[in-house]
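Below you'll find the structure, written out as structure tokens, and then a few comments.
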Amino acid sequence: MAGALTFASIPILRPLSCRKMPKNSFRIRASTEISEPTVESSSQGSSDARVSTSKPTFSAPPNFKAPEPKRFGIRPDRTLDILGASLSLIFRLGTGVFADGYSVSLVSKDEIPSDQYALEFAGFKLKESSKLGPRPEKPIEIYEFESCPFCRKVREIVAVLDIDVLYYPCPRNGPNFRPKAAQMGGKKMFPYMVDPNTGVAMYESNDIIKYLVNKYGDGQVPLLLSLGLLTTLTEGFAMIGRMGRGQSYTPAKMPPKPLVFWAYEGSPFCKVVREVLVELELPHIQRSCARGSPKRQDLYARVGHFQVPYLEDPNTGVQMFESAEIVDYLKATYAL
């Protein structure tokens, strides 16, 4: 199902608790051999994930075949999930959908070569662009979790600035990265950011946002991220349709390498996959690609198609589109 939509620390709110998600039955099962690997970030700074000396081997589920991408298709059993995740577009007025300095114009389809990504309709194409700041050499590291309004604020600015992030999920009761974040920063508070390019580490979503726009943007915090309490409240309202998802840990096997996830915060299709990545505590590098992002062309050039979410799993070699099938794959491969 496609996720390319075209719609133009001290917390004062705590995520609501939820019951542990029951294990569902899946149509695919993973074949793995594993010796308890541990993925770690370096203290204050390297984006490389390191593992223990054991060498686990992962493989895709038996008879697995990556699905063909289906633009704007929703698998019937996931319709309510996508509708619930879409509420954020209303409450946040599309924040996280567009890259900084986004602009668009309608041009003749002949003006944009066929090997360049562009939406086409009625004989015309959309010419999209953005104005981005300096690019970080290494991915920013962020410890956070879904179902947290403060973490969502930071994810939105990541999409706006179009920067890549190595996310270390910290769901409630997660045994790996939640304790690691507390050890590194000295507080049980999220989000927590480490910039391996500068050595800067910090808590507080507003401080993180200001740092990122000053370092990798034009220095201006977007209006909808600068309204104080109103921003926090609307961030909380944006998660009503997915209340509690991506909050609590589901026992899982730890991969030796971070997964690579092409996505952006404003997409409901991407959100339902990220919830599972967080619940399974799977570290992942997110290749941000909101509207106007040049990385849309990067993905188009690599696979001949642009659509998100798109998952690359270096542990199994699997590369795939379609959010519902990605969710099934992640659970079958990594959930215990």
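Note: Cβ is positioned from N, Cα and C throughout, glycine not excepted.
Taken from TrEMBL, the feature compositional bias 'Polar residues' applies to 32-57. The annotation domain 'GST N-terminal' is assigned in TrEMBL to 138-220, 257-336. Residues annotated as region 'Disordered' in TrEMBL: 32-70.
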Composition by DSSP (helix, strand, coil) of residues within the domain 'GST N-terminal' (257-336): 33 helix, 19 strand, 28 coil
Confidence summary (mean pLDDT) of the domain 'GST N-terminal' (138-220): 97
